[in-house]
Amino acid sequence: MVVEDTPKSIITDDQITTNPNRVIEDDNNLEEGEILDEDDSSATSKPVVHQPHLLENSWTFLFDTPAAKSKQDDWGSSMRPIYTFSTVEEFWSIYNNIHHPGKLAVRADFYCFKHKIEPKWEDPICANGGKWTANYPKGKSDTSWLYTLLAMIGEQFDHGDEICGAVVKVRGRAEKISIWTKNASNEAAQVSIGKQWKEFLDYNETMGFIFHDDARKLDRNAKNKYVV
């Protein structure tokens with residue numbers, strides 16, 4: 001598949017760098033009167049060891065396919081984990097080798113959640129939470145999805161401990177990106193997350209926050225409790 005050009009990321013290039021230190025022979029090893037020539041082939045160098053850049057949290061990509069969902073009665077039972085990553089390098093290795101939202105089939109759901117948190121209302125960490133949602137025309141969410149991932153795994157939110165994960169849902173005429181949080185009743189934290197997310201995405205439309213409990217009881221009739 002063709003990998004899209006990666007836009008300027010929140011995880012900066014200097015976080016993925018090589019070790020500039022080059023080990024050469026110590027001056028004490030020179031013969032008396034010998035001058036060390038830096039280009040001298042006798043100057044030995046050791047291979048550079050690339051240290052992985054650890055993330056503060058481990059994250060898991062999960063995928064729910066349209067075909068699998070049509071065969072299951074219970075919501076979420078067809079969801080499958082793809083890969084759990086804990087370093088910057090692992091993230092890019094996965095991201096650059098998977099389809100982005102614009103290439104996913106209609107009715108596909110693609111998740112990135114903190115490791116061991118399931119993107120389900122029944123998960124004890126998600127149970128009292130809610131979600132912010134940004135809406136996009138079909139095929140227009142790729143860049144915002146990447147920026148959302150980078151903001152989360154790069155711990156760019158002031159209330160990052162409130163975040164469970166994010167999901168992009170591909171539908172017939174639209175794509176929706178949502179950020180799930182833990183404590184819906186913590187208005188200050190939720191509004192802060194919503195405002196920062198809008199800023200990261202340069203999103204100009206209104207965003208709404210729905211409590212999971214309302215969505216569970218009212219389904220499509222659930223109303224926004226917070227807006228930014």
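Keep in mind that glycine also has a Cβ here, set from the backbone N, Cα and C atoms.
Looking at C112, C126, the record from Swiss-Prot puts C164 in a disulfide bond with C126. Residues 53-56 are the range that Swiss-Prot records as region 'EIF4G-binding', among 9-12, 33-36, 53-56. Here C126 (disulfide bond) is compared against the binding-site residues R171, A174, D219, and the shortest C-alpha distance is to D219. Taken together, the residues in the region 'EIF4G-binding' (147-156) have a mean pLDDT of 98 on the 0 to 100 scale. Looking at R171 (mRNA binding site) and C164 (disulfide bond), their Cα atoms lie 23 Å from each other. Put simply, of the binding-site residues K103, A174, D219, the one whose Cα is nearest the Cα of C164 (disulfide bond) is D219. In the three-state DSSP scheme, C126 (disulfide bond) falls into the coil class.
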